[in-house]
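> I grabbed these lines from Swiss-Prot:
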type: SIGNAL; residues: 1-20; note: signal peptide
type: DISULFID; residues: C47-C340; note: disulfide bond
type: ACT_SITE; residues: E135; note: active site, proton donor
type: DISULFID; residues: C211-C227; note: disulfide bond
type: DOMAIN; residues: 361-439; note: domain 'EGF-like'
type: DISULFID; residues: C365-C376; note: disulfide bond
type: DISULFID; residues: C370-C427; note: disulfide bond
type: DISULFID; residues: C429-C438; note: disulfide bond
type: LIPID; residues: G448; note: GPI-anchor amidated glycine
Amino acid sequence: MRAGPGPTVTLALVLAVSWAMELKPTAPPIFTGRPFVVAWDVPTQDCGPRLKVPLDLNAFDVQASPNEGFVNQNITIFYRDRLGLYPRFDSAGRSVHGGVPQNVSLWAHRKMLQKRVEHYIRTQESAGLAVIDWEDWRPVWVRNWQDKDVYRRLSRQLVASRHPDWPPDRIVKQAQYEFEFAAQQFMLETLRYVKAVRPRHLWGFYLFPDCYNHDYVQNWESYTGRCPDVEVARNDQLAWLWAESTALFPSVYLDETLASSRHGRNFVSFRVQEALRVARTHHANHALPVYVFTRPTYSRRLTGLSEMDLISTIGESAALGAAGVILWGDAGYTTSTETCQYLKDYLTRLLVPYVVNVSWATQYCSRAQCHGHGRCVRRNPSASTFLHLSTNSFRLVPGHAPGEPQLRPVGELSWADIDHLQTHFRCQCYLGWSGEQCQWDHRQAAGGASEAWAGSHLTSLLALAALAFTWTL
């Protein structure tokens, strides 16, 4: 009898199969065609006209504002009072729309959904991102801790009022069932309805999935950033939500405690990795696009992220294979001339140069490695390798003529650049394309005919290497 494969071979095979499964095709870019989008969703519209501090935001693929008065934007955030009849308790402890999902009329909720969606997204034809930001309660019962325990208490009271003779453990079990069932129905009905009304938008819930890896405060010395196993399992309980979503919107807001530390990168990396795991696990033939919410400053402070933390947030998200990042901010960014001037200086000095670098590096990798039909994904998620323009090959130069971008990269591809990309990154193809370099076009295949070949990878590399590649916006 022949000996079977050794443990090393078996492990390698398992890892290879696992990694191949991870790289399901995903949705193509919906805005500029870039594989990695950087969006500015900060209410800075008053800096120029009101406070006389104009901001140059042309480096961002999308510019939007989360403020109430803005409609028909490429990114629309539906806060709790902007979409349907979201049940909750207000800050005074008063019940709103029944308090818990068990008390909501889905019929009345759907009726209000249509009115609000049509107000904020006024045409069916436009494509964009639609983010539902409901944070008062969580659909998994056990996650409603601390101030969210009010939703469990009311759920228990509802059951106890109907069954006063039941023992406490039975009341808790029934309350959990009723709450989770109603929460699931409420969220699913919401997604199904809004997708039908605005089908060209990508819909999902903000902060889903979460990783619950905030234990750096208690365990700084031993902090790894990993998502607790129990929270990964609880995310899998939400398979019904991932199956109905068309995009995922995790959050990686950095507390100043994590500033310029390895823990900051670990915090972000595992949150994004968990979102990407969920994105590829719950759909048979494709992976959901992941758009990562971050802030240009640290949480609760108007202090711009350091260069190290821009790499740990924007750079890490790009290298892991996210579809983009959304830089979000609130009204605190534009309270005075001083805050606007601080943002202007920070944009010019650090943020815009880094955004331009990463935006073009991801596009460059997509063209060189994936024929422009996919995005580059780090082979080893834990590696310290990023999609940055090589300083030996490219430089950023300012635009001078009217209408020119603030910065543009100029340079040419080198063999060292090609080798670096091939060694550290591989392709995740867009839907309709396959192959190691996304060279097979399935969109043109019909009736068993062989797929169209998008071109030899080696030929494209030789051509790129031969060209003096000048990047212009």
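Each Cβ is built from the backbone N, Cα and C atoms, and glycine gets one as well.
Let's see these features in context: how buried, what's close, how far.
DSSP assigns C47 (disulfide bond) to coil in the three-state reduction, placing it in neither a helix nor a strand. Neighbours of C47 (disulfide bond), defined as other CB atoms within 10 A of its CB across all chains, total 22.
Residue density at E135 (active site, proton donor): 12 other Cβ atoms are found within 10 A of its Cβ, drawing on all protein chains shown.
Long-range C-beta contacts of C211 (disulfide bond), restricted to its own chain and to partners at least six residues apart, with a cutoff below 8 Å, comprise C227, E231, P250, F270, R271, E274.
When pLDDT values are averaged over the domain 'EGF-like' (361-439), the model yields 93.
Cβ contacts within 10 Å of C365 (disulfide bond), excluding its own Cβ and spanning all protein chains shown: 25. Following the DSSP three-state reduction, the secondary structure of C365 (disulfide bond) is helix.
C370 (disulfide bond) falls within a helix when secondary structure is assigned with DSSP. Around the Cβ of C370 (disulfide bond), the number of neighbouring Cβ atoms within 10 Å comes to 28.
Here C429 (disulfide bond) comes close to L23, P25, T26, C370, H373, G374, G435, C438: these same-chain residues lie at least six apart in sequence, with C-beta atoms under 8 angstroms from its C-beta.
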> How big is the gap, in Å, between the Cα of E135 (active site, proton donor) and that of C340 (disulfide bond), rounded to a whole number?
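Rounded to the nearest whole number, the Cα-Cα distance is 29 Å.
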> What three-state secondary structure does DSSP assign to C376 (disulfide bond)?
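The residue in question, C376 (disulfide bond), is strand (DSSP, three-state).
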> Quick check for the class: what is the C-alpha distance, in angstrom and rounded, between C340 (disulfide bond) and C427 (disulfide bond)?
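C427 (disulfide bond) has its Cα 39 Å from the Cα of C340 (disulfide bond).
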> Looking only at C-alpha atoms, tell me how far C365 (disulfide bond) is from C427 (disulfide bond), rounded to the nearest Å.
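Counting only the Cα atoms, the answer is 9 Å.
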